[in-house]
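Features of the protein shown, as given by TrEMBL:
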- 1-22: compositional bias 'Low complexity' (COMPBIAS)
- 64-334: domain 'G-protein coupled receptors family 1 profile' (DOMAIN)
- 1-23: region 'Disordered' (REGION)
- 51-73: transmembrane segment (TRANSMEM)
- 85-112: transmembrane segment (TRANSMEM)
- 132-153: transmembrane segment (TRANSMEM)
- 181-201: transmembrane segment (TRANSMEM)
- 221-251: transmembrane segment (TRANSMEM)
- 272-295: transmembrane segment (TRANSMEM)
- 315-337: transmembrane segment (TRANSMEM)
Amino acid sequence: MLALSHCNSSSSLLLPRSSNDSGGKVEARVAVEGLSHQGNLTLLQPTTSGVIVVILSMTLGIISNIVALFILANAYSQQRRRTKATFLIFASSLVVTDFIGHLIPGALVLRLYLSGGVHPDDFNSSDGMCQFLGGSMVFFGLCPLFMGCAMAAERCLGVTKPLLHSSLVTKTRTKICLSTIWLAALCVALLPCLQLGSYAYQDPGTWCFIKVLSDTQEVDLAFVVLFSGLGLASLAVALVCNTISGLTLVLARLRRKPGSHHSAKSHDIEMVVQLVGIMVTSCICWSPLLIFGLMSAIRSYTGSIAEDLSSYKTLMVMAVRLATWNQILDPWVYILLRRTVLRKIYLISKCQMGLRGNILGRWEPTSFPSSEKHAVNQV
């Protein structure tokens, strides 16, 4: 998906444009028709710099996900708490999904870009590659949102009802939940195969998505409503659960007596901070595509998009660019928001702001102990 981030900026400069004089228009039309008859129509000519930028961007995303997966795997091998193991299973699955979702759609978009994309007259059409690319974008778009929602709900239960959490949440049930999430996202992505919605090439002809800009039918509108509704609902549930978890932990810290060193919830702090990071990243990256896609489909279905079609095309391209960054930024949540990093940030902030004597002094560095030390204390 990331390869799309450079396609539009390069292609907009390289698409043939009609000149103001009639002679220029005739020459452009004759040239295009001549190439079309030869079956070699190429409206986009990729530049070397454009291809390099796309490859570097994809490389950054791949490396980020691999580093995050290595960190999570190392943490899983060292953890001693079942609740932490459950969280790490969710987090590792999310990173793997982001990695695959970054690699497969990105490679397809890059291939379309290098081949010159499709003709504007074919933007409303679809072939096997478009069906696969559109389904991939829907599937790899919903999976991270569903997983973020499930992780937030699991942590909310663990923080507010630890006894109930310990009896309900197991590794086996966690894996079943993940399988259900993947299956649900796959079912939504495959709805066009049952004629319940459709995918189509989108401007500038180098990516595919649900048909939202023109010739939108009732089934297309229902498909967009389902996709956007599920995505926005997942973000809303994650926001509520993370807010409850955060407030519960803050109140527990404020009620703790000075001088006490209860570190049982230190792992909860780390996980909730990471979940908040995931939620903020998902909201920023995915909300525009979910909202603009729904708005475009509604206006296209009602026939009121004609006068603002170019604006909506621009909004959709900007929104999908932003969505591709979610798969790059998610891994950095686990890379940066670890207890070792949080401890350093806390110590630096404490020294800079001079908060040694106030209530924030209760947040001692021991609130973020290593998992090995915590395991020894438990024994």
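Glycine too: its Cβ is placed from the backbone N, Cα and C atoms.
Caution: TrEMBL annotation is automatic and unverified by curators.
For the transmembrane segment (221-251), the neighbouring stretch richest in Cβ pairs under 8 Å, chosen from 51-73, 85-112, 181-201, 272-295, 315-337, is 272-295. Among residues of the same chain six or more beyond the transmembrane segment (85-112), those with a C-beta under 8 A of the stretch's C-beta atoms are 1-4, 7, 51, 54-55, 58, 61-62, 65-66, 68-69, 72-73, 75-76, 79, 118, 129, 132-133, 136-137, 139-141, 143-144, 147-148, 150-151, 154-155, 169-171, 174-175, 178, 182, 205-207, 271, 274, 278, 324, 326-328, 330-331, 334. When averaged over the domain 'G-protein coupled receptors family 1 profile' (64-334), pLDDT in the model lands at 85.
Using a cut-off of 8 Å between Cβ atoms, the transmembrane segment (51-73) and the transmembrane segment (315-337) share at least three residue pairs, counting only pairs 6 or more apart in sequence.
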